[in-house]
């Protein structure tokens, strides 16, 4: 068992694997381009590796990093599965996936399967957990046919029944309610202090994901976030630093007091959403800094209508709390990247004889002309949804969320220019299909 200090060092961010080797011709082309821009050729590559591989392939293949960033949001996570289906249809295969809470569970299924079976396994996983263990639901085909004709009050009533059943019965292969004695008694084990037992989730993850495959970072890097209960510190579990087990993903989704803390190497962890519900910053701050195309899939919208009832207030509170101000993060990161680019240009003006100076080398650690393209996909609430939308696991609702994600990514990919590498003078751009062209 590792000491706390050793574990903290282990969980600290480390440098990821270097960019794949490129052809001599590609390297020469890059050097020529940098010379035309007057860049310094000797900036430390371990801090910034912005070069791209020239070619005639799809635009997304020019990025060293193609990341899928998945926010937490419970039952809303089926939207992310729909987005992944659309990416797969478009021939876009991420080489890094980062998730929080339900986003971490989706990450496990995606990374734990070969590309040709990922969508099928995602669908099987969602259809499995969207069943209550006590009484069967109505056939989803029948519901899908009838639902569009329902008046909104009927749909609200129908969804509230499914949410209530989730609270009372739990969800198959996901969580089950504890007894009253277990809930209100003092637990000898911190991992039992919760309303629900999530131990069935371990077998479910092992059923739908191959953890040997998942732990091959050269095929796909995987990062999931959780909070250390004892210290309150945020931690990322990453397959470039440690072998990931089902417990790491369960910890990322252990939202108290509903779900219990998960023990990992002698420490207990809760849902990463308690601190930050999106792993976007983890991807953007990783070193070496490389050109990156990031699909950011959020389940909560920071923007919304003014609430006019207590139920509306509860829903709006969740939206604001769990959206984690992702647009603010991208604004800050854009500003930082612009500063890094300007610093890189200024350092090119330093005479070669001065470049061994410690101050120059220290500044080089921060200079970078890597380019970032963030494609934002944010779930849009439906009028009949309320504060229970994150635990409304009904099969009909799951299929609707999935379809919304698929529609949004298909609409996004109708704009292939959005995937193009940003211009050097504007190294950080964002795009959102619901807001039109971004930056």
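Placement of Cβ uses the backbone N, Cα and C atoms for every residue, glycine included.
Among the features that TrEMBL reports, active site, nucleophile is placed at 101. Taking the Cβ of residue 101 (active site, nucleophile) as centre and 10 Å as the limit, one finds 31 other Cβ atoms among all the protein chains shown.
The feature active site, proton acceptor is assigned by TrEMBL to 271. Counting every protein chain shown, 26 other Cβ atoms lie within 10 Å of the Cβ of residue 271 (active site, proton acceptor). Residue 271 (active site, proton acceptor) falls within a strand when secondary structure is assigned with DSSP.
Among the features that TrEMBL reports, compositional bias 'Basic and acidic residues' is placed at 1-20 (among others).
The compositional bias 'Low complexity' annotation in TrEMBL covers 21-32.
Residues or ranges marked as compositional bias 'Basic and acidic residues' in TrEMBL: 38-49 (among others).
Sequence annotations record features per position, and here TrEMBL assigns domain 'PNPLA' to 68-284. Confidence for the domain 'PNPLA' (68-284), expressed as mean pLDDT, is 92.
According to TrEMBL, the feature region 'Disordered' maps to 1-56.
Long-range contacts of the motif 'GXGXXG' (72-77) within the same chain: residues 99-106, 130, 252-253, 255, 271-273, 277, 299-300, 322, 379, 389-393, 397-398, 401, each at least 6 residues beyond the stretch ends and with a Cβ under 8 Å from a Cβ of the stretch. Annotation source TrEMBL lists motif 'GXGXXG' at 72-77.
The motif 'GXSXG' feature in TrEMBL is assigned to 99-103. Here the motif 'GXSXG' (99-103) has Cβ contacts under 8 Å with residues 69-77, 80, 223-225, 252-253, 255, 271-273, 276-279, 297, 299 of the same chain, all six or more residues outside its ends.
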Translate the DSSP assignment of residue 101 (active site, nucleophile) into the three-state scheme.
coil
